[in-house]
Ligand code: HEM
Ligand SMILES: *[C@@H]1O[C@H](CO)[C@@H](O)[C@H](O)[C@H]1NC(C)=O
Ligand SMILES: *[C@@H]1O[C@H](CO)[C@@H](O)[C@H](O)[C@H]1NC(C)=O
Ligand SMILES: *[C@@H]1O[C@H](CO)[C@@H](O)[C@H](O)[C@H]1NC(C)=O
Ligand SMILES: *[C@@H]1O[C@H](CO)[C@@H](O)[C@H](O)[C@H]1NC(C)=O
Ligand SMILES: *[C@@H]1O[C@H](CO)[C@@H](O)[C@H](O)[C@H]1NC(C)=O
Ligand SMILES: *[C@@H]1O[C@H](CO)[C@@H](O)[C@H](O)[C@H]1NC(C)=O
Ligand SMILES: *[C@@H]1O[C@H](CO)[C@@H](O)[C@H](O)[C@H]1NC(C)=O
Ligand SMILES: *[C@@H]1O[C@H](CO)[C@@H](O)[C@H](O)[C@H]1NC(C)=O
Ligand SMILES: *[C@@H]1O[C@H](CO)[C@@H](O)[C@H](O)[C@H]1NC(C)=O
Ligand SMILES: *[C@@H]1O[C@H](CO)[C@@H](O)[C@H](O)[C@H]1NC(C)=O
Ligand SMILES: *[C@@H]1O[C@H](CO)[C@@H](O)[C@H](O)[C@H]1NC(C)=O
């Protein structure tokens, strides 16, 4: 009895403590905004200042960096896996997989950021967190919203090229399929519509939308959801048998500015990618009301975008002692 009494009075709090510990550490650790407050307090301004410098010679770079965080997070979570080059144990990289090869860009700027961060706080800040910080700084420098970036992600030891092929939506998919790919990583249609608004800046190559321009789905005609004046412009810029690599502004009305024009374009049948226009032109879809809201109220878009970027940034991070802090974002340490 005495020992039962003892174990009752002393082990229940201990048990609660252990259960809480197991639930909170390490793999269920939450990201937070103060993760580097004592180990690298200036990391956000370092990231921002390198991007500002890069923008002087490349007005597209803010868009490119924003996209990298998306392509990182959708494949094995936000773990810097996208940044690994082929070599050593990485037999195939994500950056050369279908959705990224000759398309994803900005890796050199990520390396410049990493070098600068390593100079201030060696071995402390993960490449995955640099992508999250770079996305926020890029959107904000482009005129979009700012938000408090959650931090504490660690870097993967592996890349998943087939995952990149299957998890990242392609621009010719149906809305139902894109919605399923977002849902697979815990994002709903509000997130889908808000995050698609990142196509308010940056460029797209002809090869990603030219199936809409001449003989859409074997109909012998262009995509009927393309505004006819816009269609003529696009046909000129992306002729049949022309180079599929020619660049086009995703938002011709303000190519490098982060605003809600993307949604106003959709209302005019001026979405560039098939997956853009589908958000508004898929009959009966619940996404239509969300597009209308964001088109008429930029504040609503900015608030939703910031929240959805946080949601996306929370996809399966490595935390605690999982993974590592890479010294060079392109390579697993020691390889
Ligand atoms: C909804 C599904 C999406 C599809 C199918 C899609 C597809 C594409 C494609 C095909 C391009 C052009 C790439 C090229 O020409 O090389 C592109 C560019 C871009 N995407 Fe997306 N995207 C999607 C969602 C997102 C999300 C969620 C974000 C970020 C939050 C994003 C950010 C960007 C940006 C900023 C660019 C321009 C990049 C640059 O100029 O370098 N996209 N996207
Ligand atoms: C942030 O997360 C880290 C790692 O989980 C933890 O050590 C730290 O106490 C957290 N900070 C706050 C303010 O919650
Ligand atoms: C933080 O970084 C910025 C940009 O690199 C720099 O201008 C500033 O002096 C730094 N502040 C501190 C306290 O190191
Ligand atoms: C990536 O593109 C290059 C051409 O720039 C090509 O040689 C290479 O085979 C492509 N990689 C993959 C994995 O498809
Ligand atoms: C990914 O898709 C490309 C075609 O886009 C294909 O060549 C490649 O083999 C695929 N890679 C993997 C690892 O599945
Ligand atoms: C949607 O996904 C299904 C199953 O993966 C596939 O068979 C179909 O071709 C896709 N449709 C479109 C339009 O992308
Ligand atoms: C999507 O999730 C957010 C919470 O992150 C919620 O506020 C929103 O209402 C959801 N949207 C839909 C269409 O369910
Ligand atoms: C459009 O594509 C379909 C299917 O590939 C083909 O049968 C048809 O001849 C094409 N029409 C024109 C006008 O090129
Ligand atoms: C594109 O090339 C094909 C085959 O080389 C040719 O038959 C066709 O007429 C060309 N189309 C245009 C618009 O030049
Ligand atoms: C959507 O509805 C409109 C008007 O009812 C119709 O003209 C159009 O063909 C429909 N589009 C699709 C893709 O079903
Ligand atoms: C725009 O959206 C914001 C944020 O949701 C909301 O507070 C505001 O009332 C909306 N403005 C209008 C005019 O509806
Ligand atoms: C490569 O993989 C082998 C076998 O899993 C492992 O022992 C080694 O540590 C890995 N190398 C690096 C640099 O991670």
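Every residue, even glycine, has its Cβ placed from backbone N, Cα and C.
These numbers come from a predicted model, not from an experiment.
Annotation source TrEMBL lists signal peptide at 1-29.
According to DSSP, residue 40 (disulfide bond) is assigned to coil rather than to any helix or strand. Residue 40 (disulfide bond) is surrounded by 18 other CB atoms, counting those within 10 A of its CB over all protein chains shown. Annotation comment: TrEMBL describes 40-121 (among others) as disulfide bond.
As annotated by TrEMBL, active site, proton acceptor applies to 71. A 10 Å cutoff on Cβ-Cβ distances gives residue 71 (active site, proton acceptor) a total of 21 other Cβ atoms nearby, all chains included. DSSP classifies residue 71 (active site, proton acceptor) as helix under the three-state reduction.
Among the features that TrEMBL reports, disulfide bond is placed at 73-78 (among others). Shown in sequence order, 185, 312, 313, 315 are the residues of the chain, 6+ apart in sequence, with a C-beta less than 8 angstroms from the C-beta of residue 73 (disulfide bond).
For the recorded site, residue 127 (disulfide bond), the DSSP three-state label reads helix. Less than 8 angstroms from the CB of residue 127 (disulfide bond) sit 80, 83, 110, 114, 155, 326, 329, each of them six or more residues away in the same chain. The feature disulfide bond is assigned by TrEMBL to 127-329 (among others).
Sequence annotations record features per position, and here TrEMBL assigns substrate binding site to 169. For residue 169 (substrate binding site), the same-chain residues lying six or more positions away in sequence with a CB closer than 8 A to its CB are 177, 178, 181, 182, 275.
Taking the Cβ of residue 251 (Ca(2+) 2 binding site) as reference, residues of its chain lying under 8 Å away and at least six apart in sequence are, in sequence order, 199, 200, 201, 257, 261, 262, 265, 272. DSSP classifies residue 251 (Ca(2+) 2 binding site) as coil under the three-state reduction. The Ca(2+) 2 binding site feature in TrEMBL is assigned to 200, 251, 259.
DSSP gives residue 238 (disulfide bond) a coil state; it is part of no helix or strand. Neighbour count (other Cβ atoms within 10 Å of the Cβ, all protein chains): 21 for residue 238 (disulfide bond). Look at TrEMBL and you will find 206-238 (among others) tagged as disulfide bond.
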**OP:** Using the structure shown, find which entry in 78, 121, 206, 329 (the disulfide-bonded residues) has the sparsest Cβ neighbourhood within 10 Å.
**Re:** 121
Original post:
Of the recorded positions 40, 71, 238, 259, which one sits closest to residue 78 (disulfide bond) when you measure Cα to Cα?
Top reply: 71
Subject >> Whole-number Å value for how far residue 71 (active site, proton acceptor) lies from residue 40 (disulfide bond) (Cα to Cα) >> reply: 26
**OP:** Measure from the CA atom of residue 121 (disulfide bond) to the CA atom of residue 206 (disulfide bond) and give the result in Å, rounded to a whole number.
**Re:** 42
**OP:** Taking the recorded Ca(2+) 2 site as 200, 251, 259, identify the other residues of that chain whose CB atom sits within 8 Å of the mean position of the site's CB atoms, giving them in sequence order.
**Re:** 197, 199, 201, 250, 253, 254, 257, 258, 260, 261, 262
Subject >> Number of other Cβ atoms within 10 Å of the Cβ of residue 200 (Ca(2+) 2 binding site) across all protein chains >> reply: 28
Original post:
In Å, rounded, how far does the Cα of residue 238 (disulfide bond) sit from the Cα of residue 71 (active site, proton acceptor)?
Top reply: 26
